[in-house]
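Notes for the one structure printed next.
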Amino acid sequence: MAVQQRKKKEGRKSDKNAPSVPQVDASLDKPLDIDAPPTIYSVNLKPEYGTAALNLSADFIRQEQALANKYLFFHPVILVVLTIGLLIYLTPRIVFPIRNTGSVAGWFYQLARINKKVVLSGLVFTAIGASFLFTLLSRVSDSYFKSKINQLVGSKGEKVFGINLNDLVARHETKDPVVNNTHIIVYRETPIALISLAPNMTLSTDENLVMSVTTVGCRRVYVKSGIIEDLIDWAMLHSKNIRSSGKYGETMKLLIDVYSFDSTLKEILKKKGFTYIQSIRVSENRLLGGLFGVKKELWGLQFHFKAEHKD
């Protein structure tokens, strides 16, 4: 038996020398092929989808960065800074009306008329300041999310998918069951969405299986199509199947991390029965987690199963 196992391992090593599997087009900057049949289907993490899976996961992080930029720009701290800056600019330059107009509306009309050029220049000054702040904030968020992408790429996807994607692509087939924990949606022969799960070894026990969503998302244009809801449904069903195939107790949990500014995903989770558990401030970036209060929230869904009695 030991000899057979050794031969299997040697066989796996030899697979790495085999030519890589041709990859499905993974470009995210190209429109879908209109000549391809308009069919939609799902697959697990097959070797030919390795590059596409990595690209999609990185794109999900960039989408989170875009949401973070929007959150930062309209944050109360930034709005207060811009308002104070505008007041500091206008206060010494504004000329107040001398004549009594007899009405509040008339007084404000004269105020605006007299200070028309000053107000316009103040708005230009504010726009320049806002542009500077937006550039600065974009760099702050870029450094944080770029580090997340670097971690994903540096681990060859193993951090998210539980398998080295380079090794997966180098094989023409894989029997590793971990590939079944990833669900990819393909439309017009192009991967457009995916979700991946992994057992949470820290929280799982013999009595309680805990599964964690490691990545979930879709191409930006399909966010409002309901495809995220379908991915969450698959995650719930797949988690139940894993629990059924193992020797676990009567409870199971499905967990997912969500950024505090991602209101769209949180609304979807609420509809699916998930509840907020806890949150922690982003510690890798002091500005994001400290000044702007960006948090990573943990949401979860708990399942209860009836005990199976065997005669």
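Note: Cβ is positioned from N, Cα and C throughout, glycine not excepted.
Going by Swiss-Prot, these are the annotated features:
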- 1-31: region 'Disordered' (REGION)
- 1-11: compositional bias 'Basic residues' (COMPBIAS)
- 1-70: topological domain 'Cytoplasmic' (TOPO_DOM)
- 71-91: transmembrane segment (TRANSMEM)
- 92-117: topological domain 'Extracellular' (TOPO_DOM)
- 118-138: transmembrane segment (TRANSMEM)
- 139-311: topological domain 'Cytoplasmic' (TOPO_DOM)
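Mean pLDDT for the topological domain 'Cytoplasmic' (1-70) in this predicted model: 77. Note on the topological domain 'Extracellular' (92-117): none of the residues of its chain located 6 or more positions outside it place their CB under 8 angstroms from a CB of the stretch. With DSSP classes pooled into helix, strand and coil, the tally for the topological domain 'Extracellular' (92-117) is 13 helix, 0 strand, 13 coil.
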